[in-house]
Amino acid sequence: MYARPYRLFDVDDLILNTIGGIIGFSLVPIFQKMLPDLHEITEKSKEKSEKISFVRRLIAFLIDILMIQLIAAIIQLFIKNRQLFWIEEILGCLIVGFIFPLIFKWSTLGMKVVKIRYGSTINNKSMKLWQLLTRNIVGFGLTLGNFFAFNIALKMIWEVKVDDRFIYIGLSLVLLLPLMFFAIDYLLVLKTGHRTWYEKLSRTKLVSNFKTQTIK
């Protein structure tokens, strides 16, 4: 057996380790200038997470639409009269648009997934029930109601007598005007900072729930 330690310490080790430490310490300021500051990264990440992008809005909207259809399908099992099909959609909208936000602290299920919620623009006060009702009834109610009415008017053009078609053509054109306004307003959401007409009316906004860790 070897009677000494596996590796004997010598002067070469001392010199190499010391020189390596000095060189490494000297290079630290250089690499610090090359690499981004950790606080700067955190601030940029926080700023980015607080912006409600169009993609996050769209994902939340699609999830909520799927939930409305799922709830409507479940309610349909208990309503045999197909002439009352509209009740299913209304109940689905009420549950998703009003019940869920009360349960999930001012977020629908879709909004909770992408971590956004409703917020008030009234002097940073907390969200009120009347604001939720105004936003969703006026905003989504008028938009979806107008859209469904437009589709019905288009359908009736081909189902009524020729003499009556001009009535529904005119009605379709009238309903098309607000739809175009709604569409343009929604497309402007692509522009950062734009608030839709129903957000201004209800004095609400979307707030990010993302939380970034603060570096001290």
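Cβ atoms are placed via backbone N, Cα and C, with glycine included.
The domain 'VanZ-like' annotation in TrEMBL covers 5-31. According to TrEMBL, the transmembrane segment annotation covers 14-31, 58-79, 85-104, 132-154, 166-190. Summarising the annotation, TrEMBL assigns domain 'RDD' to 53-197.
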Cβ-Cβ under 8 Å with the transmembrane segment (132-154): same-chain residues at least 6 beyond its ends:
93, 97-98, 101, 106, 118, 168, 171-172, 175-176, 178-179, 182, 196-199, 201-202, 204
Under the DSSP assignment, what numbers of helix, strand and coil residues are found in the domain 'RDD' (53-197)?
109 helix, 5 strand, 31 coil
Across the domain 'RDD' (53-197), what does the mean pLDDT come to, as a whole number?
83
